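S.K.: Just lifted these from TrEMBL, have a look:
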DOMAIN    197-538  domain 'Peptidase S53'
ACT_SITE  Glu269  active site, charge relay system
ACT_SITE  Asp273  active site, charge relay system
ACT_SITE  Ser473  active site, charge relay system
Amino acid sequence: GQTGSPVLGLGAPAGLAAFVVSPASRLVPPGWAHAGRVDPGHPVQLTFALRQRGTARLARLVEAVSDPQSPQYGQYLSLEQVRDLVQPSPATLMTVLKWLQGYGVEDCRTVTTLDFLECHLPASMAERLLPGAEFHRYVQGQRSLVRSPQPYSVPAELAEHLDFVGGMYRFPTERKAVSRAGARKDPQPARASFHLGVTPAVLRQRYNMTGGDVGLLPNNSQACAQFLEQYFHQADLAEFMQLFGSGFAHRTQVDRVVGHQGHGKAGLEASLDVEYIMSTGANVSTWVFSNAGRHESQEPFLAWLLLLSNMSALPWVHSVSYGDDEDSLSYAYMERVNTEFMKAAARGLTILFASGDEGAGCRRVHSGNHTFRPSFPASSPYVTTVGGTSFKNPFLVTEEVTDYISGGGFSNVFPMPKYQAAAVGRFLSSASKLPPSSYYNSSGRAYPDLAALSDNYWVVTNRIPLPWVSGTSVRTSSPAALWDGGGPGLRVVIQGCHLSCLDGTVQGQGFCATPAWDPVTGWGTPNFPRLLRALGPR
Ligand SMILES: *[C@@H]1O[C@H](CO)[C@@H](O)[C@H](O)[C@H]1NC(C)=O
Ligand SMILES: *[C@@H]1O[C@H](CO)[C@@H](O)[C@H](O)[C@H]1NC(C)=O
Ligand SMILES: *[C@@H]1O[C@H](CO)[C@@H](O)[C@H](O)[C@H]1NC(C)=O
Ligand SMILES: *[C@@H]1O[C@H](CO)[C@@H](O)[C@H](O)[C@H]1NC(C)=O
Ligand SMILES: *[C@@H]1O[C@H](CO)[C@@H](O)[C@H](O)[C@H]1NC(C)=O
Ligand SMILES: *[C@@H]1O[C@H](CO)[C@@H](O)[C@H](O)[C@H]1NC(C)=O
């Protein structure tokens, strides 16, 4: 289960009261091989999440600036104003710095909001600082990570000043951009709008975007973030636009790459993300956050969160590829990451996460029974979560049905925000085939918020156009505005279910789409002109 509060550490040195910032699960994921303990002098990078102040005020502020009914709607804060609200108390800063200095930790950098410290130190020093920790190397193919499989502890007097220490035990999660060509039904071509897979033109037709629906103002901006060691190539983007970019004004260059871009082969995921954000958000300045060439003990997702708190000028919209099972993360970690999303929402940033690739998910609980498995950050109430759909007929621009792998459900950590209650209540009381209530927590944040096509995309990668690429990443500060008045500008998806536990009770079926909000496709897929009217200036 979730470790809500710190528990007493067993590995602490005698006489030193300590608490363990313990992960819920420390299992090394399949596919990673242990390659021994690192040398004492091996450099590691640790991220200290310092206890913030003002988080309750921040939550109220986010609600006010995100709610179209509020007089404060759209009155976003600057990064410096966010800092004034959340920065740790002088006592917290003093205590943590004194502790680090006491162990000789000196190579540390902070962020504008002063609530993170990123430090570089030798493994042996980190092991003395955090009793219990032991740094080992893990390898998977070409990739190599340094992590501590053992729980760590910190002195009791630090407990009230630290949320967690990052760079210790979380492994990167895989995300699959897969070809599902084998699962296709027989082609049923028809004359009307026959197509051989999703391209920018197909998306624009389906979501009612004309050639003139492109970014018009120089201050429009967007970004995608990648946390695998993946690169995109400008040459692929240019070729993609040459093949698929006619009929709408667009750019062929990414304006800024934050982080390192490696030189190896392009990744399918990275190519997909960049090509589709720039052809749907066409003629809009685009940044890519890239983590290639990262430090072995870095957690790329954490590094991205730190960047958000350290850059005052950022794109307005961020599409992010990352997800983990809620039950594999500690409560303290998720709460803190959720607060980071609140900080972003207060600044007017919209953060979109894919809802996941495993339907409702499945996990065995202590009793031996199954339960669905929510995914984080998809389950955070401060991000907009996007589910996936497919065309009912894969060769026609017709109705969409659910993509059976599309993630969705209810958080076990974050309570349901007020703006969801009515729509979710209607779903729960009217759905005809609900799974038993022991499989999900109907008091939690319900996701996704909306959906988009996630199947059969054309992607150019390493100069080669590839068809049939799938993955739910293909797809307003906090999602509140989207729920206002019942998902205006979204077209509901009525047909299909997503997958879940393969057991006798639910037989592989999670939730099913309904004619209003549902936990597979949210409010449905965009109808651009109506969405624009609903979210635009009022
Ligand atoms: C944050 O930005 C400042 C100024 O650019 C820089 O000196 C500092 O190292 C950055 N912090 C981190 C953690 O990278
Ligand atoms: C959107 O597209 C549909 C079908 O192509 C069409 O019926 C509708 O009039 C279009 N416009 C709006 C604003 O919905
Ligand atoms: C593209 O965006 C720029 C501002 O960034 C604008 O000046 C230009 O008119 C736009 N192009 C089209 C075809 O709308
Ligand atoms: C974007 O630019 C327009 C025109 O220059 C301006 O009216 C608007 O306030 C700007 N929006 C933001 C969010 O900076
Ligand atoms: C496990 O599931 C069975 C069948 O759904 C149910 O009868 C039983 O009470 C469950 N056990 C627990 C401990 O929840
Ligand atoms: C259900 O979700 C709530 C948050 O809404 C949480 O407090 C509670 O612990 C969850 N229950 C279970 C069994 O996980």
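Quick reminder: no glycine exception, Cβ is built from N, Cα and C everywhere.
Whatever TrEMBL says is automated annotation, not expert-curated.
Please situate the listed features within the shown structure.
M.R.: DSSP assigns Glu269 (active site, charge relay system) to a helical segment in the three-state reduction.
The Cβ of Asp273 (active site, charge relay system) has 27 other Cβ atoms within 10 Å, all protein chains considered.
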S.K.: Provide the number of Cβ atoms within 10 Å of the Cβ of Glu269 (active site, charge relay system), excluding the reference atom itself.
M.R.: 24
